[in-house]
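Peer 1: Have a look at the structure that comes next, please.
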């Protein structure tokens, strides 16, 4: 008797979770100041895109590669590696189609940092990372992903225990923004987009990843514990130091 409404509820929840940017009128979402929403209007290429711009499809293998790299780092940090404190409740990150759709639209501007807002009805203040490539020849998508991850991974030399407890974008030895965002315990989802183009003799690419949350200056990157995942309802089977993807963490709630 109760199976029908329960099934209907689950279906509605799945539709909401995996909604794409095409299903929402982003022109109606509020943006700070005079900024425009990246999802508002037609997603045309900008003049900065040079010749032959092309937005690339991130296949399942690419999405899995991104998730694997991010969750590996989160699992590593959560257990107290690199001299960082143990994370009490950091969860496995999942792919989100809506964040990916907005990231894809962002890459069509062919400029890394912009003032366009990217908030959604579910994610009020998403974080964003941009990786720009320039070279004689365009590498494979997997190689672009690996290069982007390596850039963030190198920031382990810059991030400190003090930054985990009191976030700022720069440590004593340099930038920590990419790594700090990847290990935020309020991040629950990520979605990425990729556009490539030709600029004279140079091949260029912009890989953008939107995260469900962003770090706030002066606030903790994650909550510290005595043992990894001590505040999780249960532990993930693959990433032993993380909560599973089902852990009910609110990405809009500040630490």
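Heads up, the Cβ atoms here are built off N, Cα and C, so glycines get one too.
So Swiss-Prot says this about it:
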- 1-23: signal peptide (SIGNAL)
- 27-40: disulfide bond (DISULFID)
- 31-117: disulfide bond (DISULFID)
- 49-110: disulfide bond (DISULFID)
- 67-211: domain 'SCP' (DOMAIN)
- 82, 153, 156: leukotriene E4 binding site (BINDING)
- 192-209: disulfide bond (DISULFID)
- 232-243: disulfide bond (DISULFID)
Peer 1: Within its own chain, what residues at least 6 apart in sequence put their Cβ under 8 Å from the Cβ of residue 31 (disulfide bond), listed in sequence order?
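Peer 2: Looking at Cβ-Cβ distances below 8 Å from residue 31 (disulfide bond), excluding near sequence neighbours, one finds 37, 117, 119.
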Peer 1: Taking Cα atoms as reference points, which of the binding-site residues 82, 153, 156 is nearest to residue 40 (disulfide bond)?
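Peer 2: Given the candidates 82, 153, 156, the nearest one is 153.
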Peer 1: Determine, to the nearest whole angstrom, how far the Cα atom of residue 27 (disulfide bond) is from the Cα atom of residue 192 (disulfide bond).
Peer 2: 21
Peer 1: Please state whether DSSP places residue 117 (disulfide bond) in a helix, a strand or coil.
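Peer 2: Note: residue 117 (disulfide bond) is in a strand by DSSP.
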Peer 1: Looking only at 40, 110, 117, 192, the disulfide-bonded residues on record, which one has the least crowded Cβ, with the fewest other Cβ atoms within 10 Å?
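Peer 2: Least crowded of the disulfide-bonded residues 40, 110, 117, 192, by Cβ count within 10 Å, is 40.
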Peer 1: Here the disulfide-bonded residues are 27, 209; which one has the lowest number of other Cβ atoms no more than 10 Å from its Cβ?
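Peer 2: Each of the disulfide-bonded residues 27, 209 was scored; lowest Cβ tally within 10 Å is 27.
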